[in-house]
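Record features, source TrEMBL:
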type: DOMAIN; residues: 6-88; note: domain 'PTS EIIB type-1'
type: ACT_SITE; residues: Cys28; note: active site, phosphocysteine intermediate
type: TRANSMEM; residues: 107-128; note: transmembrane segment
type: DOMAIN; residues: 109-471; note: domain 'PTS EIIC type-1'
type: TRANSMEM; residues: 148-168; note: transmembrane segment
type: TRANSMEM; residues: 180-198; note: transmembrane segment
type: TRANSMEM; residues: 218-235; note: transmembrane segment
type: TRANSMEM; residues: 255-277; note: transmembrane segment
type: TRANSMEM; residues: 289-310; note: transmembrane segment
type: TRANSMEM; residues: 390-414; note: transmembrane segment
type: TRANSMEM; residues: 434-457; note: transmembrane segment
type: REGION; residues: 466-486; note: region 'Disordered'
Amino acid sequence: MSKNYAAVSRSIVDAIGGADNIAAVTHCMTRLRFVLKDNDAANVAELKAISGVLGVVKNDNQCQVIIGNTVSQAYAEVVKLLPEGAGAEKAVPVNNKITLRRIGAGILDALIGTMSPLIPAIIGGSMVKLLAMILDMTGLFEKGASTITILNVIGDGAFFFLPIMVAASAAVKFKTNMSLAIAIAGVLVHPTFIDLMAKAAQGQQVVFMGLTVTAVKYTYTVIPALCMTWILSYIEKWVDRITPAVTKNFLKPMLIVLIASPIAIMLIGPIGIWIGSGISAVVYTVHDYLGWLSVAIMGAIWPLLVMTGMHRVFTPTIIQTIAETGKEGMVMPSEIGANLSLGGSSLAVAWRTKNPELRQTALAAAASAIVAGISEPALYGVALRLKRPLIACLITGFICGAVAGIGGLASHSMASPGLFTSVQFFDPTNPMSIAWVFGVMILSVVISFFVTLLLGFEDIPVEEKPEEKRVQGDEVSAPQHAANTN
């Protein structure tokens, strides 16, 4: 993206109808996510024409502007342009009737909107756990050394208290009181409650107000806290209506906690666990039946899932699987070929194009995808823009997904696969996993590079700048003037 973040951000705000049209704005790792008062006021063509904008995704709920790795700088400049209080996400009333499509879109939006802000903490924690694993493998520390234990605790913090993080993020999404959401989620991961659930799992009856409590482990989970916070948003409104104004300061929060906590423990929590487990069961049953083919298919469609934002649907499943088994062997391995193939195709575009600006964009996108595993700059800035490189990536993703599946690769973390994060696929019990990982990575870049060159693409012509046109015009007119003076 252009280093002039202020100018680019101002152009983006103007193209979506001005600051007054923005109800709320947030950002994930690569996208600015705008909630607009009038969706039709956003000019998608104008947005795409802005230098520094890699792509635009527009739906009923949001207008998403893809920026790339520098999205946080752009977000900071956008917020400066907004009226006071417009930074937090707000509900925008719509008159559209409820349909299955809108319900599905709403669930997806809630999941993505809640999980996207948490990804940096989850990735950071998982990489620290990987560091602890590598240090333990090297033998630099004794078995059971406190240094390794502390590193594991540091890395595990984001996962163990994930329900609290989810509740805080979901509270923003559902416009409810964050402190109350955190307090109720805290009940689910309280040490005493965890001990009670462990006893219940061993067959000891745990009763609350005459009702048996289902044995559930809530640490490392997403869906229960998400569902609980959604219900809380309605409980809070109802309690606010029935409590007298003079007692709101103390009676309202007490009633909310007393009502919401038992509902979370007795009903919402277990249902959320069953939903999460059901999704995981479906995904990995398919993997069990299809084996390496499921990884190949996922590798082929992964860029398309990223384009729609549906790749975030797998985040809770990946977290839960890693928490339960220590590794994930379907979605994460498929991302190796998907991510690095976008880098390889971008390198091919940089090699072949005669457009200096496109070459610069492609090289930066390739580095982001190959080194850091962040593929959206390559996806939106190169592959989707030129179309045929995207086809090359889908083909490569299938081939390399198949190789990763045959090699039995599995990830111990959920960092986006790239050169720097390749360590997450190393298996201490299988030294050959290192060769498989780097083999798939090299294969991804090489195959996508040559397939892109083979398919070709329609190069973007170089646009002359106004100054250049004026200078050329002066050069043409000068000889004519000289001829006239003779």
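Each Cβ is built from the backbone N, Cα and C atoms, and glycine gets one as well.
Within its own chain, the transmembrane segment (148-168) has Cβ neighbours under 8 Å at 114-115, 118, 121-122, 124-132, 135-136, 141, 178, 181-182, 184-186, 188-189, 218-222, 224-226, 228-229, 319, 323, counting only residues six or more beyond its boundaries. Sequence-distant contacts of the transmembrane segment (434-457) (same chain, at least 6 residues past either end, Cβ-Cβ under 8 Å): 333, 336-337, 339-345, 347-349, 351-352, 370, 386-389, 391-393, 395-397, 399-400, 403-404, 407-409, 419, 422, 425-426. The list of residues near the transmembrane segment (390-414) in space but at least 6 beyond its ends in sequence, with Cβ under 8 angstroms from a Cβ of it, reads 122-123, 126-127, 129-130, 133, 291-304, 315, 318-319, 322, 326-329, 332-334, 336-338, 340-342, 344-345, 348, 379, 383-384, 421, 424-427, 430, 433, 436-437, 439-440, 443-444, 447-448, 451-452, 454-455.
Of the ranges 107-128, 218-235, 255-277, the one with the most Cβ pairs under 8 Å to the transmembrane segment (289-310) is 107-128. The number of other Cβ atoms within 10 Å of the Cβ belonging to Cys28 (active site, phosphocysteine intermediate), over all protein chains shown, comes to 21. Taking H, G and I as helix, E and B as strand and the rest as coil, DSSP gives the domain 'PTS EIIB type-1' (6-88) the counts 33 helix, 20 strand, 30 coil. Restricting the average to the domain 'PTS EIIC type-1' (109-471) gives a pLDDT of 86.
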